[in-house]
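This report concerns only the one structure given below.
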Amino acid sequence: MDLWQLLLTLALAGSSDAFSGSEPTAAILSRASWSLQSVNPGLKTNSSKEPKFTKCRSPERETFSCHWTDAVHHGSKSLGPIQLFYTRRNIQGQTQEWKECPDYVSAGENSCYFNSSFTSVWIPYCIKLTSNGDTVDGKCFSVDEIVQPDPPIALNWTLLNVSLTGIHADILVRWEAPPNADIQKGWMVLEYELQYKEVNETKWKMMDPILSTSVPVYSLKVDKEYEVLVRSKRRNSRNYGEFSEVLYVTLPQMNQFTCEEDFYFPWLLIIIFGIFGLTVMLFVFLFSKQQRIKMLILPPVPVPKIKGINPDLLKEGKLEEVNAILAIHDSYKPEFHSDDSWVEFIELDIDEPDEKNEGSDTDRLLSSDHQKSHSNLGVKDGDSGRTSCYEPDILETDFNANNIHEGTSEVAQPQRLKGEADLLCLDQKNQNKSPYHDACPATQQPSVIQAEKNKPQPLPTDGAESTHQAAHIQLSNPSSLANIDFYAQVSDITPAGSVVLSPGQKNKAGMSQCDMHLEMVSLCQEDFIMDNAYFCEADAKKCIPVAPHIKVESHIEPSFNQEDIYITTESLTTTAGRPGTTEHIPGSEMPVPDYTSIHIVQSPQGLILNATALPLPGKEFLSSCGYVSTDQLNKIMP
């Protein structure tokens, strides 16, 4: 092996004389070394022990220096002195000749220093290390790429503040830029990085790069010692320079608390207990105010209350007791005359029959028991301007009472009929000079007595209709035409509430009319019974023919109730075919209106009467049905 190495060295040494300069020799040596290793892998050189470049740096971008390591000697042979050669490329890309290092001393041992005369910032450099003419190491670079500023100088710190607990403190660290860096002219722009740690720790805490020469450091523990370092780099570069000298920061203890461990305020524990306490208080409040809150959210439904009635009766379902209480309670009784502020009542003494013709007829008329006609209800009083005090409710009550006792008073019916006849002729008893007073034959009186003995059934209409028929007979008399203005006097009021009117002067007809009317009514009542709704055919035929046999100067016009009264057309046709009584009346004149309906009460002494519709003779039947109304009946009757 040593022989092969010796032969190779001699060959190389001999060939080196044929080249001028050292560059080809170094290249040949390098290629020869690789060739020997490829031929014999076991043959190795000591290239791994040769010197290497460690770094090249420019502190201020105006000068730069390069450093390398020492060579390691193995065996008896040494490499010889180490030399550095450099070259620069021009703009055209041509490489200049190699030149040796200008200064091996200024930058220190194993270094080469290039001052500003040998430094070009924008021109690339290539350097190499040689030993005994052989190239050991080489590299190429530009000055901009190797800029590494010097460490900052003059580091110090200032205490900013201490926390309220005295555990932490804040400081401000200051320094100065490297003196050889042209910062003021802007030839270089530096960025600084600060790192700190506690003395006994190994991990450094780095802060973000800054452009200023001061930076605050927060939350340093009191009574601890810290190490602070600062380094710089050119902006937009990756290569930091060397760290500055270590700055030691010692914060004195400000209070009695020891700073061995951090004191953390138990915020989480306080929040948990606070929420729990608020929840307990809320539940206590809701429990204590449960009823009040329930009433606010769900107000109770008011229970229906009736004055004077125990609500328990309604709950238990005792409706009989509730109805009994409502019936006897004053506040639930029906109130009459609710719309009238005051009501006048005129008392009528009907217990003294001897005094019936005495006193004011108008006072009797204004009593509360005489009104039944519907034309008088609801008419306003001329004096007070209010509605009449004669209400239909009270009158209907009286009429119902009369209808109820009608069946039980059959014994007193003849006396009542006789009393009505007396009332009709009340104003004619004192007419002694009347030519008709003696005209009433004595043979007619037994008929009246016979009618009283037969106990006739109740008439289909009430006492008012009977009185109406009597009054109509009197008005139909031609002799009473001169006295029609005096039919505003009330002779009497029947127990059933009917009003009996009489002329103001003596009637010339005398008692004959009264007797004949009473006899006619007795005959009609003696033959048939009439109800409140209908007339039968047979009864109508019996009652209607009576009129032609009465030989007086007036005719009796049948008057029927206007409500629900019907008779057959066959009976009316038969009756209408017979000769009427008007044919036998000598000197008949125009019929006189029947003033038996009170229109309005002007004063206690004055009445205004309504005239009923006059019968129109010669009317024919217009209806072809089996029944006709009472209006049509009154028009066609003779």
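Placement of Cβ uses the backbone N, Cα and C atoms for every residue, glycine included.
Since this is a predicted model, take the numbers as computed values, not measurements.
As recorded in Swiss-Prot, the features of this protein are as follows:
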SIGNAL    1-18  signal peptide
TOPO_DOM  19-264  topological domain 'Extracellular'
CARBOHYD  ASN46  N-linked glycosylation site
DISULFID  CYS56-CYS66  disulfide bond
DISULFID  CYS101-CYS112  disulfide bond
CARBOHYD  ASN115  N-linked glycosylation site
DISULFID  CYS126-CYS140  disulfide bond
DOMAIN    151-254  domain 'Fibronectin type-III'
CARBOHYD  ASN156  N-linked glycosylation site
CARBOHYD  ASN161  N-linked glycosylation site
CARBOHYD  ASN200  N-linked glycosylation site
TOPO_DOM  289-638  topological domain 'Cytoplasmic'
REGION    294-379  region 'Required for JAK2 binding'
MOD_RES   SER341  phosphoserine
REGION    353-388  region 'Disordered'
COMPBIAS  356-372  compositional bias 'Basic and acidic residues'
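Listed in sequence order, the recorded positions from CYS66, CYS101, ASN156 having a Cα within 10 Å of the Cα of CYS140 (disulfide bond) amount to none. Cα to Cα, CYS56 (disulfide bond) and ASN115 (N-linked glycosylation site) are separated by 13 Å. Neighbours of ASN115 (N-linked glycosylation site), defined as other CB atoms within 10 A of its CB across all chains, total 13.
CYS66 (disulfide bond) sits 10 Å from CYS101 (disulfide bond), counting Cα to Cα. Comparing ASN200 (N-linked glycosylation site) with CYS112 (disulfide bond), their Cα atoms are 39 Å apart once rounded.
Residues in the domain 'Fibronectin type-III' (151-254) partition by DSSP class (helix H, G, I; strand E, B; coil) as 0 helix, 54 strand, 50 coil. Here the candidates are the recorded positions CYS126, ASN156, ASN161. The one whose C-alpha lies nearest to that of CYS112 (disulfide bond) is CYS126. With ASN161 (N-linked glycosylation site) as the anchor, the candidate recorded positions are CYS101, ASN115, CYS126, and the one with the nearest CA is ASN115. Here the disulfide-bonded residues are CYS66, CYS101, CYS126, CYS140, and the one whose Cβ sees the fewest other Cβ atoms within 10 Å is CYS140.
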